[in-house]
Amino acid sequence: MSTTIAQNRSFGAALWDYLTTVDHKKIGILYLVSGGFFFLLGGLEAMAIRIQLIKPANDFVSAGFYNQILTMHGTTMIFLAAMPLIFALMNAVVPLQIGARDVAFPFLNALGFWLFLAGGLILNASWFLGGAPDAGWTAYAPLSTTSPGHGVDFYVLGLQISGAGTLIAGINFLVTIVNMRAPGMTYMRMPLFTWTTFVVSALILFAFPALTVGLFLLMFDRLFGSGFFDASMGGNSVIWEHLFWIFGHPEVYILILPAFGVFSEILPVFSKKRLFGYTAMVFATVLIGFLGFMVWAHHMFTVGLGPAANSIFAVATMAIAVPTGIKIFNWLFTLWGGNITINTAMLYSLSFIPTFTIGGMTGVMLAAAAADYQFHDTYFVVAHFHYVIVGGVVFGIFAGLHYWWPRMFGKILDEKLGKLTFWTFFIGFHLTFFIQHFLGLMGMPRRYWTFLPDQGLDTGNLISTIGAFLMAFGTIVFVINVIVTSVKGEKVGGDPWDGRTLEWAIANPTPHYNFKQTPLVRGLDAFWIEKMDGRKEMTPAEPVDDIHMPNSSILPFIMALGLFIAGFGFIYQVDNSAWLAAVFIGMGILLGCMFIRSVKDDHGYHIHKEDLDKGAGL
Amino acid sequence: MKGWMGKIRALFLLSSLALILSGCGRENLTAFLPKGYGAEVSLNLIIISLAVMIFVFIVVMIIYTVVLVKYRRKKGQEDYIPKQTEGNKALEIIWTVIPILLLVIIAVPTVSATFDLADESEKEDTLNIKVTGNQYWWHFSYEDEEIQTSQDLYIPVGKRIYLNMVSSDVLHSFWVPSITGKMDTNPENENTMYIEAYEEGVYWGKCAELCGPSHSLMDFKIVAVSEEEYNQWVTDMQNFDAEAVPETASAQEGQELFQNNCISCHALGSSPVAVAPNLTDFGNRTKIAGVLDFDKETLVGWISNPEEFKEGNKMTNAEYLKNGSLSEEEISKIADYLLQLKPTTITPESATN
Amino acid sequence: MTENINSTNSDGYYEQKKKEEMKHQLITFALMIIFTFIAFGMVLAELDKLFVIPIIIVLAIVQVIFQLYYFMHMSHKGHELPSIMIYGGLSVAFLTILTFLVLIWW
Amino acid sequence: MSNDTLNPKVMPEEPEKATLEGKNKFLGFWFFLGGETVLFASLFGTFLALRNSTNGGPSSQELFGLDLVFIMTMLLLTSSLTSVVAIYQMKKNNFAKMQAWLAITVILGFGFLSLEIYEFYEYITLEDFTFRSSAFGSAFYTLVGFHGGHVLFGLLWILTLMIRNAKRGLNLYNAPKFYVASLYWHFIDVVWVFIFTVVYLMGVI
Ligand code: HEA
Ligand code: HEA
Ligand code: CUA
Ligand SMILES: [Cu+2]
């Protein structure tokens with residue numbers, strides 16, 4: 001198991017390398033590529049939505065097909081684009097930031113990725129197999145339980161499998177951050193991106209099981225004739241709504257907190273100042289995570305829960321504005337008195353502040369229950385969540401990618417193209433979504449395939465669509481940027497931004513084992529401290545020694561493949577019980593792999609210290 | 001810096017221009033011009049919260065602008081390393097406490113409005129109407145008056161009316177933006193909400209919960225008329241005679257055909273059948289099936305092929321469509337019959353002051 | 001539990017401690033069995049509903065605490081994070097169950 | 001890692017946490033249990049919401065008898081104790097005894113599972129009470145079945161560990177595995193305590 005011969009590998013070898021890798025840096029790249037692909041796909045679906053709505057009574061797509069596009073847009077963007085892209089950044093950065101050689105469970109890390117991909121592929125296979133899910137990304141019963149065809153079954157199985165992957169990833173990061181920190185890296189010295197990863201992983205741990213159960217019940221109702229959500233059998237559809245939102249609301253913080261983490265890294269670096277109010281930032285992160293579990297019913301104000309429940313959840317929801325506000329002001333005061341450099345990463349971070357503030361404020365407006373009776377399920381809500389998601393999460397991902405690209409790929413993304421992307425995307429974004437606030441109150445519900453002429457909704461929708469085209473343009477420029485940079489870009493050193501945290505203390509390209517010697521951490525912004533003391537490198541915490549590394553394995557890939565097969569079996573066994581064979585084969589593969597894994601000892605291998613100097617593991 | 005702000009300003013100008021062009025949306029549809037109690041309460045709350053938000057936004061933007069103007073890197077200062085401030089207790093307390101106070105300003109009216117809109121103290125003494133959401137049409141049953149109607153909900157103006165809402169299939173949501181906010185219809189629990197229209201008028205209603213392909217085509221209307229007109233309407237509707245012979249020959253034949261082909265789903269009069277819209281006062285509608293133009297041609301088109309107009313609607317299952325047993329001519333006769341179903345002189349046109 | 005961080009454990013101290021622990025575990029087990037008997041007994045005795053239900057629920061909660069702290073050693077040191085996570089899970093669990101009891105039917 | 005570091009003469013006080021892998025496994029598994037708590041809470045919540053939705057079918061009062069449940073409870077509680085003893089023996093580096101106690105645990109577990117299957121079988125054949133009878137039926141079988149599934153998985157897991165390590169005995173590489181499996185087993189017991197209380201006892205009242 002030597003990785004020394006990294007030079008001229010054949011394509012096959014590279015492929016095998018990625019299929020079997022357990023290296024967090026490579027898994028990060030896998031997440032990036034697949035998440036990026038799904039982002040383009042989700043964006044394409046968004047374009048179809050906007051084209052359909054460009055004018056009243058349009059029929060660019062049919063009504064039923066529109067619902068499929070809309071459902072897949074939401075589902076793809078949330079589960080298959082935003083989350084994996086966030087995981088890409090976490091995988092690429094978190095172990096480096098805490099001075100670790102690897103994550104706690106490299107094998108599970110790989111498994112988590114492959115499960116996500118298997119789930120995503122199952123979900124999207126529905127396009128070719130009789131139609132995609134069409135009950136909205138929230139899949140409210142009984143529409144979802146009665147939706148004809150197999151669309152919603154693909155939703156159920158796809159999300160179930162990728163959800164399992166997410167849960168695994170969450171546990172992995174939790175343990176990594178608890179157990180793998182370098183000496184001296186106390187909790188209150190962890191960079192904020194690591195902190196947000198930690199909190200988000202805990203949210204995943206507590207939120208995803210509710211979705212798991214919800215999906216199981218939905219699956220039982222659709223495929224095995226149970227009656228959880230079927231009023232005629234005594235069931236109750238409100239159960240699904242609760243289960244979905246007990247998961248769903250924490251989910252939106254799962255998306256935004258890592259973005260907060262990204263900005264908390266970028267703003268200090270490019271204003272050359274320490275993060276203002278670090279302790280308060282940590283505290284606010286934890287508080288947001290905590291409160292995030294007590295507000296889910298704000299998505300259900302119009303369901304009929306009664307004024308008492310609505311009021312309680314309304315007030316609890318508003319409370320989240322406080323810790324979020326603490327963050328906003330701390331960022332502003334990080335900039336205050338700084339020496340601010342504006343590059344692409346910084347442009348995204350800076351524009352995030354007003355954009356997200358708008359989105360958050362509309363959130364608080366939504367939280368006012370009696371006002372939400374008007375807002376709910378209109379384009380006002382659509383505007384709210386795209387402001388926080390695109391203006392927060394997507395900007396965060398773009399910012400993070402520009403910032404960490406040299407760490408991940410050793411090159412800086414082209415600044416000119418980067419700025420072009422930023423400006424078109426930014427302007428397009430506001431054009432698309434600002435006007436939607438008004439559309440909503442003017443009487444345009446969301447999830448509408450079309451709207452009638454002569455209801456005062458035409459101009460607003462037209463502007464919105466124009467904006468979406470600008471965003472598409474910006475995104476395409478970004479893709480070009482990636483290609484151009486990888487072909488022509490110049491290699492840079494390990495610390496191109498004058499960084500403050502540990503990931504910049506490593507030479508480029510990052511060695512397989514990350515740190516030759518585990519660094520000794522002496523405070524917050526560990527690397528910055530050393531630089532201020534006139535050193536170029538971290539002080540090591542240990543002598544050079546053999547480095548223990550985990551073995552690569554193809555098992556994660558095969559396990560995911562097993563579930564992929566079983567997924568189809570579950571879906572089609574209602575039509576023909578012969579498909580049960582696929583269930584058994586798939587589950588057999590899965591259990592077989594688990595068996596092999598537990599029976600085969602895997603002690604990993606060592607890179608010997610003599611080889612380290614010869615460049616082993618690069 | 002200039003470019004920055006300039007672009008944002010241009011953006012705002014463009015959006016506000018668009019807004020002015022389209023006004024605040026169409027009257028009797030938009031939530032910006034409330035014509036009923038619920039809508040007014042909600043709008044007040046929206047305005048309060050919006051005011052707080054604008055204040056917050058201004059504060060944030062002032063700091064933001066100062067920061068960007070003052071602290072950008074200056075020529076010759078590339079290597080300047082600013083003071084590494086850790087934080088500031090006083091500031092942090094300020095920006096914790098002030099938002100809390102601001103939130104209280106929003107929370108108090110929120111709670112009071114929420115309870116206000118859920119008030120059921122007058123339920124027993126006033127008109128109660130049962131609302132049923134169906135894929136993709138609305139049914140209204142005036143239980144005490146024994147009146148059944150669909151699509152158009154007639155109410156007396158200036159009076160609080162209770163709606164008791166359920167769904168017969170999937171979730172729907174009853175929304176008349178200029179009268180009141182939404183309330184979902186669920187298949188297993190009955191929801192109660194009251195409405196009160198301030199002025200006579202025809203108000204647009206929309207279904208606001210994804211309910212299938214034709215979710216966006218599930219419009220309905222509230223027709224608010226004066227108290228006397230409403231009473232007139234009630235009497236006329238109660239006196240409706242389904243057997244009454246229409247005037248024209250064509251309509252008479254239409255009636256026959258209707259009885260044979262349509263009555264299995266559609267009902268006339270106070271019959272409680274609710275598989276399909278009640279057509280008692282169909283001739284007074286302003287839209288067919290909620291969204292289509294009201295004219296004979298469209299009606300014939302609808303009866304011949306409803307799927308073409310509303311994807312996934314349940315009329316497509318009709319027997320006569322499956323075996324194609326009705327000719328164009330016969331459908332036209334049915335249309336004649338339906339169009340003359342005007343048991344009352346109270347129509348949406350009466351809903352003007 | 002102990003201040004002694006010396007990890008050679010051949011000395012009798014640890015043997016003693018393990019024995020001690022085993023004793024606790026046996027007592028725990030006995031109590032759990034007794035609680036179970038009480039719970040079943042109360043139900044079989046057909047006492048008043050409003051009286052029985054709270055008691056058997058409390059008995060169940062106590063049994064679970066026993067399991068967590070004695071059988072799963074959650075009281076031992078090194079279990080700080082496990083405790084946080086279990087209590088985190090339990091709080092979400094509590095909210096969930098409460099909701100399902102009061103906000104599903106109306 | 002070389003063999004003697006993994007095979008010390010005397011077990012350290014906490015063999016399950018003696019290696020980094022062990023520490024990771026220990027913590028990761030506890031976290032997983034935190035998640036499982038929410039999973040079961042969702043199932044319990046659903047059951048509680050639907051337990052009166054019998055849709056004309058048999059209700060819990062008509063169905064449940066307590067004798068079988070009592071025996072099942074005793075079996076499972078005892079198996080929890082036996083697995084505690086097994087871990088006690090593990091810490092004393094007494095592999096044979098540990099295996100023996102685990103074996104008893106597994107036997108008790110299978111006893112529990114067979115009774116549960118028998119119970120389901122009776123409900124289905126005699127009472128005509130199935131997964132599809134009513135929302136109550138669906139919720140009952142799902143909650144209890146999920147637990148049963150966990151029991152089955154736990155049994156297979158412990159068995160695999162026992163067989164795999166039968167020849168080579170205890171070491172610091174597999175000690176965490178045994179430890180974690182026993183945690184899982186306790187957790188299953190915890191869930192059962194709530195099942196017999198909430199589903200059965202409260203069901204017959
Ligand atoms: C990243 C995702 C994200 C984030 C961060 C948020 C953040 C918030 N959201 Fe949002 N939300 C969504 C994603 C997100 N949301 C999605 C996807 C939906 C729709 C789901 C669907 O139905 O499909 C939704 C829907 C949604 C609803 C339901 C609307 C409806 O369907 O009727 C509500 C209602 O309360 C709500 C509220 C809030 C609030 C109060 C916040 C708060 O966290 C915001 C806090 C931030 C600020 C307030 C700004 C900064 C603060 C200051 C500058 C301090 C001073 C401020 C004050 C004193 C006000 N959101
Ligand atoms: C992470 C989450 C996320 C993101 C990033 C986005 C991004 C966008 N969304 Fe969003 N959206 C949701 C999550 C998200 N959305 C959710 C959850 C819903 C609710 C669904 C539901 O109701 O169930 C929703 C619903 C939703 C609606 C409401 C539909 C309706 O209710 O009827 C609209 C309408 O304008 C919309 C538009 C957009 C647009 C224009 C973008 C743009 O920002 C997209 C920008 C990206 C691109 C434009 C990519 C362009 C790239 C190409 C075109 C190149 C492709 C070519 C190659 C393959 C090389 N979205
Ligand atoms: Cu009915 Cu949407
Ligand atoms: Cu939310």
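Even glycines carry a Cβ here, placed using N, Cα and C.
Automatic, uncurated: that is what TrEMBL annotation is.
Remember, it's a predicted structure, so these values are computed and weren't measured experimentally.
What TrEMBL says about this protein:
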DOMAIN    B:23-121  domain 'Cytochrome oxidase subunit II transmembrane region profile'
TRANSMEM  B:42-69  transmembrane segment
TRANSMEM  B:90-111  transmembrane segment
DOMAIN    B:124-236  domain 'Cytochrome oxidase subunit II copper A binding'
DOMAIN    B:249-342  domain 'Cytochrome c'
Hey, which bits of the same chain come close to the transmembrane segment (B:90-111), Cβ under 8 Å, at least six residues off its ends? 44-45, 48-49, 52, 55-56
In the domain 'Cytochrome oxidase subunit II copper A binding' (B:124-236), how many residues does DSSP call helix, how many strand, and how many coil? 17 helix, 59 strand, 37 coil
Pull the DSSP breakdown for the domain 'Cytochrome c' (B:249-342) and write it out as helix, strand, coil residue counts. 49 helix, 6 strand, 39 coil
If you average per-residue pLDDT over the domain 'Cytochrome oxidase subunit II copper A binding' (B:124-236), what number do you get? 95
Sort the residues of the domain 'Cytochrome oxidase subunit II transmembrane region profile' (B:23-121) into helix, strand and coil with DSSP and give the three counts. 63 helix, 2 strand, 34 coil
